[in-house]
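> This is the feature table in TrEMBL:
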- 1-79: region 'Disordered' (REGION)
- 1-18: compositional bias 'Basic and acidic residues' (COMPBIAS)
- 34-45: compositional bias 'Polar residues' (COMPBIAS)
- 70-79: compositional bias 'Basic and acidic residues' (COMPBIAS)
- 81-350: domain 'Anoctamin dimerisation' (DOMAIN)
- 353-723: domain 'Anoctamin transmembrane' (DOMAIN)
- 364-388: transmembrane segment (TRANSMEM)
- 441-460: transmembrane segment (TRANSMEM)
- 495-520: transmembrane segment (TRANSMEM)
- 556-577: transmembrane segment (TRANSMEM)
- 600-621: transmembrane segment (TRANSMEM)
- 724-746: transmembrane segment (TRANSMEM)
- 724-863: domain 'Anoctamin transmembrane' (DOMAIN)
- 828-849: transmembrane segment (TRANSMEM)
Amino acid sequence: MAEDKGEKIPMLESKESDANDSLNVTADTAEDSPLTSNEVMQSQTNGGGKQVSADTPKNVEEEEEEDADVQDKRPSGRNMFFKDGKKRIDYILAWSTEGKPEKLAHSQEARAVFEENLEQEGLKLEKDEKEGEEVHFLKVHAPYEVLTRYAEILKVRMPVKKSPTCETAGLSVLSLHCHRSVLHLLTQLVLQECLFVMSNMFSCYDRQSLDLDKIQQKYAKLETPIKAVSTRLWDTMTNITKKVFTPFQLDEEVVKPIKRRFDIPDDREKYFDHATRSRIVNFILRRKSFSKAKEKAYSFGINKMIADGHYTDAFPLHEGHWKPGSADNDRKLLFDYWANWRNCFKIQPLDHVRAYFGEKIAIYFAWLGFYMQMLIPASIIGLIVFIYGCVISGNSYPANEVCDKSKNFTMCPLCDFQCPYWKLSAACSHARASRIFDNNATVFFAIFMSFWGTLFLEFWKRKEAALQFKWDLTDFVTEEIKEPHLPFWRRRFPIYLMSWTAMLFLAFLAIVAVVGVIAYRISTLAALQVLTRNTPVTNSTFIASTAEVIYQNASLVTTVTAACINLLIIVILNIIYNRLAFWLTDMECLRTQKEYDDSITLKLFSLQFVNYYSSIIYIAFFKGRMVGRPGKYATLFGGRQEECEAGGCLIELCIQLAIIMTGKQLIVNNIVEILIPKIIKWIKRKIWPETKEQKMSRSPWEKDYRLQPAETTSLFYEYLEMSVWYSVLYGISRIAIISNAFIIALTSDFIPRLVYTMAYSPDGTLKGYVNQTLAVFNTSDFDEAHRPVFEGSDIVESCRYRDFRNPPDSDDPYEYSQMYWHVLAARFAFVVVFENVIVVITGLIAWLIPDVPAKLKLHIRREAYMSNEIIIKTELLRAKGETVGEEDIEKIIEDESQRYKTNDFGSMELVHRKSASPEAAENNVV
């Protein structure tokens with residue numbers, strides 16, 4: 001096996017919305033869905049590069065024998081042509097010559113039928129069969145006529161304006177099948193004028209400075225004052241944002257902005273870019289039959305042929321390399337100025353990403369970049385809140401009272417029998433750490449993040465709309481191949497029943513794992529308490545100090561180790577969930593790729609939600625809520641339930657979140673995505689070394705064939721991990737509001753502190769708050785089954801525990817006190833007020849921010865209007881019996897375009913409306 005230097009360029013899927021999207025080999029049902037597992041990232045491919053000129057066909061066969069690395073470093077790049085040096089290689093099909101004779105004969109027959117159908121479609125084929133080689137190759141070329149015919153079928157947007165080097169300047173129309181639609185002609189005309197809009201919409205690319213006075217003047221006469229104010233506010237914010245991000249822009253002299261290509265090149269072979277050519281060829285490959293038998297209706301498509309073993313792979317060629325010294329190409333540019341650590345603070349070249357990887361991957365990274373930008377204000381506010389918490393943590397009444405040893409608060413044992421009484425001052429560090437996160441500023445931050453989530457969603461919808469229009473995704477057309485119909489009740493219902501029963505069992509498995517971790521925490525905490533208490537008396541200072549440290553930090557040690565174990569369980573369960581979810585979805589026999597993706601997304605999202613958040617939800621909302629009281633503890637399976645620390649459960653929740661989220665992202669993901677591939681690559685180099693002569697003897701397609709296949713589900717997992725779906729994000733934002741409300745009300749001490757200062761504090765401060773929150777228990781009320789049995793426990797007459805209960809000498813001993821009911825009422829009132837106020841305000845914000853920018857709406861309407869005008873006039877001429885040719889359509893387009901002028905903002909304004917008389921037309925200037 002050859003050295004693994006990257007990934008193949010996966011097959012470019014010929015779908016109506018993705019001109020550059022890539023896919024690998026899977027079932028034929030993987031056609032056209034937002035999250036198809038066939039469309040994957042090409043982040044480690046040898047893509048891009050300059051093509052060999054068609055004017056230099058000589059020595060092509062010699063170039064095939066030349067070292068591919070040498071070809072990569074030539075100014076012309078790799079050899080990408082047939083042996084005649086003119087036909088460009090758009091696709092490579094590979095097949096193996098080893099196997100059983102019967103199988104080889106059947107595969108040869110299937111390939112012959114398939115290739116015959118391809119030639120009938122107009123594709124040009126050329127074989128590369130070397131004697132003694134295991135793998136042979138078929139080179140595929142799409143002639144210009146085939147490309148134009150399928151461009152119309154796929155609704156590919158192409159230029160309609162002649163190049164300035166042509167004899168005729170101005171607008172013109174090619175006699176192409178893909179431009180038979182007048183709507184397509186007009187679309188490109190209007191899109192020229194819409195480019196400037198994109199640079200004005202909180203975009204990361206093509207930023208230009210605007211005159212704020214002109215903006216205000218332009219929108220000062222809008223229909224309503226609210227609209228005028230909101231528009232000016234938005235443009236002002238956009239302008240400020242552009243100036244702030246100017247230092248983070250890439251050098252436009254190096255990474256040149258990709259402008260929309262509205263000029264028709266003189267060489268028609270350059271009319272379609274490489275990605276579009278591969279997309280069209282892939283569209284044809286996936287639809288041609290490889291069997292003449294009528295009963296084999298589903299024997300068609302390159303994916304099916306690969307699955308059946310007739311071909312081993314199908315892929316477009318890489319056109320360059322990313323290594324230093326290679327010829328300039330798009331992949332090298334992206335590696336140097338995007339996928340590099342030194343550019344981590346630079347704005348992404350999204351247009352280049354889209355040109356190389358396709359729209360779906362570009363949209364993902366656009367979302368990721370936008371998300372990171374929106375996190376900047378959130379992180380700044382969060383950092384300020386954290387610094388504020390650090391400042392007040394050492395100078396707050398509750399923390400000082402916990403740390404004050406003179407208070408001499410003796411706390412009740414944390415476990416039965418063996419655990420000793422302990423001093424509250426031992427939890428001093430935990431109390432101060434908890435105060436960092438549990439303070440009034442944290443409540444403000446929770447409210448801020450609720451608003452931030454809404455603003456993020458609304459601004460992303462605007463950004464997405466701009467990108468969709470800029471990248472020609474507004475007329476998204478889906479096209480899917482359906483699987484054979486299966487009877488629902490007889491075949492599909494039993495499978496659904498089994499699938500969702502298995503889902504419930506898997507979710508229950510995650511909950512069982514959480515219960516196991518809870519049991520570990522309880523037993524470990526008790527063991528550490530006993531271990532330190534039973535430490536033998538010794539003269540060793542180290543042993544004594546270690547025992548003291550363990551005793552004081554037993555709860556912290558237990559929490560950290562439990563969180564690490566929980567992280568390990570999460571990783572293991574995720575591996576199991578991923579495999580079983582795909583297996584269960586395959587068993588459901590869904591008819592379309594969209595149904596398949598929806599089903600697998602629901603399964604994985606649900607299972608991962610339970611897996612990741614079960615322990616977090618337990619700590620936030622259940623731990624320490626139903627533990628009972630000393631002498632009457634609530635038990636589960638014969639054991640006491642967990643209690644929160646003296647500083648509350650919030651600090652433990654923070655530790656759990658930090659370990660799980662940070663460990664998953666920084667450790668597990670980096671191991672899977674970076675370390676393991678490097679180890680595999682190193683092993684392959686050692687096991688299958690290659691000499692320079694071996695490399696030189698291979699053609700470009702042979703080198704690309706030996707690269708690592710692209711993972712079919714990489715993009716799907718990225719989308720799933722980041723939840724790049726508006727409906728999911730909207731649901732999460734609403735859940736976040738509810739969870740924030742309950743965490744503040746139940747987990748933090750914000751409400752009890754507020755009630756104490758308003759109703760119970762003599763001076764309106766938190767002085768005496770800790771004593772108020774600690775109930776008293778008479779140790780003589782312990783029953784014999786739970787009484788501490790260690791030496792010296794009988795001398796303690798009373799102990800304290802965290803709860804709002806009456807003292808033992810009251811009329812209702814150990815019952816809930818009046819403050820408990822006040823705090824409970826305040827907590828529920830806070831949840832209701834917080835949720836409703838935040839939901840109403842965020843809903844108002846969402847309503848005030850349009851999903852599509854006003855400028856973009858204007859351009860879309862203008863495009864539709866001009867389309868209708870041209871179509872109506874063209875049909876009118878045909879109705880009169882006149883022949884409508886290219887010149888007539890060209891004159892209509894030019895006539896309509898003259899009715900508009902380009903303003904100072906780069907967009908088009910209506911100049912005049914046509915009237916019956918020239919005098920009236922002159923007076924109709926708007």
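Note: Cβ is positioned from N, Cα and C throughout, glycine not excepted.
Can you tell me where each of these features sits in this structure?
Among residues of the same chain six or more beyond the transmembrane segment (364-388), those with a C-beta under 8 A of the stretch's C-beta atoms are 204, 245, 347-348, 350, 353, 436, 439, 441-442, 444-445, 448-449, 452, 455-456, 459-460, 463-464, 467, 715, 718-719, 722, 724.
Using a Cβ-Cβ cut-off under 8 Å and counting only residues 6 or more beyond its ends in the same chain, the transmembrane segment (495-520) has close neighbours at 562, 565-566, 569, 573, 576-577, 580, 584-585, 587-589, 603, 606-607, 610-611, 614-615, 618, 639, 642.
Here the transmembrane segment (600-621) has long-range neighbours at 35, 37, 503, 506-507, 510-511, 513-514, 517-518, 563, 566, 570, 573-574, 577-578, 581-582, 584-585, 649, 652-653, 656-657, 660, 664, 716, 720, 723, 728, 739, 742-743, 746-747, meaning same-chain residues at least 6 beyond its ends whose C-beta is under 8 angstroms from one of its own.
Residues 363-364, 367, 442-443, 446, 449-450, 453-454, 457, 460-461, 605, 620-621, 625, 650, 653, 827-828, 830-831, 834-835, 838-839, 842 of the same chain sit 6 or more residues outside the transmembrane segment (724-746) yet have a Cβ under 8 Å from a Cβ within it.
Beyond its flanks by at least six residues, the transmembrane segment (828-849) meets 230, 447, 450-451, 453-455, 457-459, 462, 733-734, 737-738, 740-742, 744-745, 751 of its own chain at Cβ-Cβ distances under 8 Å.
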> Apart from its near flanks, which chain residues at least 6 from the ends of the transmembrane segment (556-577) lie with a Cβ under 8 angstroms of it?
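For the transmembrane segment (556-577), the list is 430, 506, 509-510, 513-514, 517, 520-521, 524-525, 528, 550, 604, 607-608, 611-612, 615, 652, 655-656, 659-660, 663-664, 668.
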> Note the mean pLDDT of the domain 'Anoctamin dimerisation' (81-350), expressed as a whole number.
72
> Who are the chain neighbours of the transmembrane segment (441-460) in space, where the CB to CB distance is under 8 Å and they lie at least 6 residues beyond its ends?
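Result: 202, 367, 370-371, 374, 377-378, 381-382, 384-385, 388-389, 726, 729-730, 732-733, 736-737, 740, 743-744, 748, 750, 834, 838, 841-842, 845-846, 849, 851.
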